[in-house]
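Listed in Swiss-Prot:
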ACT_SITE  Glu136  active site, proton donor
DISULFID  Cys31-Cys39  disulfide bond
DISULFID  Cys33-Cys45  disulfide bond
DISULFID  Cys38-Cys52  disulfide bond
DISULFID  Cys56-Cys61  disulfide bond
DOMAIN    29-63  domain 'Chitin-binding type-1'
CARBOHYD  Asn24  N-linked glycosylation site
CARBOHYD  Asn47  N-linked glycosylation site
CARBOHYD  Asn157  N-linked glycosylation site
CARBOHYD  Asn270  N-linked glycosylation site
REGION    70-273  region 'Catalytic'
SIGNAL    1-28  signal peptide
Amino acid sequence: MLTPTISKSISLVTILLVLQAFSNTTKAQNCGCSSELCCSQFGFCGNTSDYCGVGCQQGPCFAPPPANGVSVAEIVTQEFFNGIISQAASSCAGNRFYSRGAFLEALDSYSRFGRVGSTDDSRREIAAFFAHVTHETGHFCYIEEIDGASKDYCDENATQYPCNPNKGYYGRGPIQLSWNFNYGPAGTAIGFDGLNAPETVATDPVISFKTALWYWTNRVQPVISQGFGATIRAINGALECDGANTATVQARVRYYTDYCRQLGVDPGNNLTC
């Protein structure tokens, strides 16, 4: 028979072991996942790359591929940047807002942008990013979506990111960030109130570029190996892909192939969607 002292010691050890096991089990359950599933960047459970890849919060997350030694700043030269923005009219608000310096400052927070895979992969990713930015902003002319304030970009089903009825979640910035379910997590990741101050994306050029890079690294970069067409689908597939708007798709492709030419890299396959 155990003495009371020994019994209490064993009980304490048992409790500690149970608590430790419970803690390990619940690490992947903060968003309702079982321990063998990943909690995605959006708070959903699963075990594929959509859940365990980029942005995975908890669980058996996949290790990201190692970054290469490419210098994005050496590829995105002032000449390259000017070649885009110089095509915007002098009256464009974006001329006084967007700059290579703001892009590079924002880039400091996204160390994997343009640095995954081979040197050619990096150049293709950079070309793809600026192709979409060129299309979305009209060569850095527009900061905000034309007539965006008149449009409703509040998805009430995205209850995790409740809309402020006095705010609009229309397109802003280089990638034209839209919808409350993008402004909310982007603000959390970057450090601004995306739901209550979405206009920050149109007033702070560094934050503006950060939202574009946030969207890119979380929503677009995971599919970039599938070709430029996959990046179109990730950005605006519902409105453009599968024959919905072939003219717009071709416009994006033209920008992409032109930038690939400027950066000295083959554009690859699967250019359309």
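All positions are counted from 1 along the displayed chain.
For all residues, glycine too, the Cβ spot is worked out from N, Cα and C.
Projection of Swiss-Prot feature records onto the structure.
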residue: Cys31; record: disulfide bond; contacts (Cβ under 8 Å, 6+ apart): Cys39, Gly43, Phe44, Cys45, Gln57, Gln58
residue: Cys33; record: disulfide bond; contacts (Cβ under 8 Å, 6+ apart): Cys39, Cys45, Gln58, Gly59
residue: Asn47; record: N-linked glycosylation site; contacts (Cβ under 8 Å, 6+ apart): Glu36, Leu37, Cys38, Pro60
residue: Cys52; record: disulfide bond; contacts (Cβ under 8 Å, 6+ apart): Cys38, Ser40, Gly46, Gly59, Pro60, Cys61, Phe62
residue: Glu136; record: active site, proton donor; contacts (Cβ under 8 Å, 6+ apart): Tyr142, Gly171, Pro174, Ile175, Gln176
residue: Asn157; record: N-linked glycosylation site; contacts (Cβ under 8 Å, 6+ apart): none
residue: Asn270; record: N-linked glycosylation site; contacts (Cβ under 8 Å, 6+ apart): Gln226, Gly227, Phe228, Gly229, Ala230
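The secondary structure of the residue listed as 'active site, proton donor', as reduced to three states from DSSP, is helical. Every protein chain shown contributes to the tally, and the Cβ of Cys61 (disulfide bond) ends up with 17 other Cβ atoms within 10 Å.
A Cβ distance under 8 Å defines the sequence-distant neighbours of the domain 'Chitin-binding type-1' (29-63), meaning residues of its chain 6+ beyond its ends; these are 160, 185, 217-218, 221-222.
Secondary structure by DSSP for the domain 'Chitin-binding type-1' (29-63): 4 helix, 5 strand, 26 coil. Cβ neighbour count within 10 Å across all protein chains ranks Cys38 highest among the disulfide-bonded residues Cys38, Cys45, Cys56. Here the region 'Catalytic' (70-273) returns a mean pLDDT of 97 for the predicted model.
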